[in-house]
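Following: one structure in structure tokens, then a few remarks.
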Amino acid sequence: MLGPESDGRRPTQGERGPGYPGEPMDKYQVLYQLNPGALGVNLVVEEMETKVKRVIKQVECMDDHQASQALEELMPLLKLRHAHISVYRELFIMWNGEISSLYLCLVMEFNKLSFQEVIEDKRKAKEIIDSKWMQNVLGQVLDALEYLHHLDIIHRNLKPSNIILVSSDHCKLQDLSSNVLMTNKAKWNIRAESTEAMYLRKSLRQSPGSLETVLKTMEEKQIPDAETFGNLLPGMLQIDPSDRTTIKDVVHITFLSGSFKSSCISLTLYRETVPASITDMLLEGNVASILEVMQNFSGWPEVQFRAMKRLLKMPADQLGLPWRPELVEVVVTTMQLHDRVLDIQLCACSLLLHLLGQAMVHHPEAKALCNQAITSAVLSALWSYPEEESLLVLVYSLLAITTTQESQSESESVSEELQNAGLLEHILEHLNSSLESRDVCVSGLGLLWALLLDGIIVNKAPLEKVPDLISQVLATYPADGEMAEASCGVFWLLSLLGCIKEQQFEQVVALLLQSIRLCQNRVLLVNNAYRGLASLVEVSELAAFKVVVQEEGGSGLSLIKETYQLHKDDPEVVENVGMLLVHLASYEEILPELVSSSMKALVQEIKERFTSSLVSDRSAFSKPGLPPGGSPQPGCTASGGLEQMIAWN
């Protein structure tokens, strides 16, 4: 289906694609077409499953050989992980049968605003672009280019329209091109050499005197930083590429020797390093002195790294828990300043997780400093290195804590923000692709539970495949109690949110019963599993029969008896067991099974010992913010349901 702004021609389906078998374009819906780029057409599409918008650049190739060469050359783009480079999701080759042409397709991030549009808007308004903002963007672009050049990758198509703005102060490079495709001179001459900028560049190269005129005009007009540009442009416009200024020289001229400023502190990597012996000597003091060193040497990543390592080894009493606001602030600032350095991100996340964990253990009543800065910093780290498993586990664990530690209104806001950022889809993608990584699965399920806890779901569609994903996870880790516990929590919340389809009820009930049998000693697992069972049984007689039917390992009713005997002194567990019995007893066909299984004696004992606590309005069965779908109907308390069961003959 084509969007209203489309040009009316739908691409035919792909034939080959390393990232997706069969027909890759089948999983995308074309919404509209952007202005053509230098070498191809840019389509804004939506993934059919996740509803996430992407950009697909389609480049027409002369033949199969050229397409295959270009695909091979561009495959390294899939591994690029940098805060200021757009993530490439997929590359594939497709055949357009309508015009008998072969296309290379590059699937990239979608962002509405580019630097080109900022320039055009300022021209229309006859306004000057803020110099400090421009310098900050330039620093990020240079940082990204240095990273690419370090990997021997050349952008080949750098221009304002290929600098996208993720936010007001964060840009990314996109639309890297291939040397193979750039050799198509006919297409390149038509689309690229006809621009005013290209004519100007050729003119300046051919006539050095004209460049002097331009620079003199800039000086006369008092253009900001004209002197810096005067030092840069002659070297950048050399005809022979080997004579041109390198990216490191550009950084040195603009940010180290010049007056430019940028928040992209990886540029400070060009400074001389501080010897480890001196760093260790500076870090011998207490927390206050270490923080002072970190602040005084904020631009030296090696100092920041060793300082955080030192803090990680400190005992809780020296760290000053529950919270030292200045410590958290310095760590977050370090993450933001050194977003290019993976070791810094890993160490900072480990330290934040350590601080959160220690504070919750030693001071459970203390509220964490889970402010926007922490969430933003760790989320930025995740997007910069989305496939780095060790970082992914740390970030998932941190976000799970920060989301649940906020007040209810703040937590809902954070949960919505994270969902809008695509975190839900990210979790599901990695539960599927990283099934062999236990830590990814456990932390992913924990964060999924935290996002679902408030019941504010931006888009329920992706959640429909969660039961099947969890089934795969539990099949992979059949004896893992922690995995089962995390899974039961997610199943319970999904049942309350109505995100489990009727055809999935039997499967989910079986998995919940299996988890209880596996880990009767885990109270949290038991509570969440029985809550999930009660929620499903309330709305489905099929689920109720699945609980009571005799299967391998015994029936659910015998399991209920075992649970009660093990946890009879825990009111919360007994309440959740009682709620399940109430919903089972609401089906006439199930009542005979309850009686024949000698459940009346158990029910009588629960009634006598816990009647006062078995009131649904005060039950842990319902969580604030969650819809009432899994809760008893008004007036239907557990104690009332148990009365009916006892009276049944």
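Here the Cβ of each residue, glycine as well, is placed from N, Cα and C on the backbone.
Feature annotation from Swiss-Prot assigns region 'Disordered' to 1-23 (among others).
Per Swiss-Prot, the feature compositional bias 'Basic and acidic residues' maps to 1-13.
In this model, the domain 'Protein kinase' (28-379) carries an average pLDDT of 80. The domain 'Protein kinase' annotation in Swiss-Prot covers 28-379 and rests on sequence analysis.
The C-beta environment of Leu34 (ATP binding site), restricted to residues of the same chain at least 6 apart in sequence and closer than 8 Å, consists of Asn42, Leu43, Val44, Val55. In this structure, Leu34 (ATP binding site) belongs to neither helix nor strand by DSSP; it is coil. As annotated by Swiss-Prot, ATP binding site applies to Leu34, Asn35, Pro36, Gly37, Ala38, Leu39, Gly40, Val41, Asn42, Lys57.
Positions annotated as region 'Disordered' by Swiss-Prot: 621-640 (among others).
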Winner by Cβ contact number (other Cβ atoms within 10 Å) across the binding-site residues Pro36, Gly40:
Gly40
Give the helix, strand or coil assignment DSSP yields for Asn42 (ATP binding site).
strand
